[in-house]
């Protein structure tokens, strides 16, 4: 039987129609330079992506090292800039060492896959970030997905395993709703059962902990020998890239075994220079971390969300995807840019507006947010 004449991509139209009918079609929307909309959608938590010192850090790095890193860090892409920033970030977070990757996504892939593998067990929270989910899938380890924030289920998985090596992976702050992971309890369980804990601090760095050092710092686990921290440079630090922090033995192993590190071009100097400058601003101005949480509380109050947020994220669940998308568009039309999360990013029936507070929000910005959200949410909740 032949299938000559069949288009190998014809199925894409059918899938696109199904997504459109379910209200789940995505579209790219251009963000204008210097736009006037109040930004409650970006992850620029500390408002550092446009900070003069951060911009100058990027420019200075380009002038000294060039526009690109020119190769893998194992060939020509490793510079004094990369290693100096790694030392600075490790010192800031209390880790023994750090290794920079080209993105937070590849940092998670590299760490989880290289530290697990066949014959090991990975225990993952049901709501971990997609990069951790994909890392578990690629690891060839046995994977147990536990209910959200369920420490008892984690302990059961570890206690009943046959594998010698076991790793528990989690976000510190879950990105869709801003809820904190019970890191101290999770670490206690890991310690009892000889498991490694890998924590993605993408939404914790710059917001939680002393001066924004992260949730691991806040719960007393900074630099713990059985904890590996991953994070992005694209949120609180306003740049781009990712990093894995932990014991020196972990760094050495990743240089040998993490494929996203070995076979990827090193992070561009501009991104490293910007992230390093942002880190220096955070060290000089630790109050920025507190400002994020204070502004998140103001946004939660504007949305009638009863609890004070634990992070920069304020989640307003509206239910169906069409309702959430219409609300996000209505906000933008009134000068307020908000996030809109729909399945498969969040479970069916929980489509939502996702607001992210930033340290740089002004009183006028918050007044605009209160006015627009009151109008839009009243209509959306009818």
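Going from the start of the chain as shown, residues are counted 1 onward.
Cβ coordinates are placed from backbone N, Cα and C, and glycine is handled just like the others.
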| said: Of the residues 120, 124, 175, only one is listed by Swiss-Prot in the pyridoxal 5'-phosphate site with 104, 105, 200, 201, 202, 203, 232, 233, 234, 235. Which is it? | reply: 175
| said: 129, 345 show up in Swiss-Prot as binding substrate; which entry in 20, 25, 26 does that record put in the same site? | reply: 26
| Distance [Cα-Cα, Å, rounded] between residue 104 (pyridoxal 5'-phosphate binding site) and residue 129 (substrate binding site) | 11
| query | Within 10 Å of the Cβ of residue 203 (pyridoxal 5'-phosphate binding site), how many other Cβ atoms can be counted across all chains shown? | reply | 28
| remark: The sparsest Cβ environment within 10 Å, among the binding-site residues 175, 345, is found at 345
| said: Give me the CA-CA distance between residue 26 (substrate binding site) and residue 203 (pyridoxal 5'-phosphate binding site), in Å, as a whole number. | reply: 24
| note | Cα-Cα, residue 203 (pyridoxal 5'-phosphate binding site) versus residue 345 (substrate binding site), nearest Å, comes out at 16
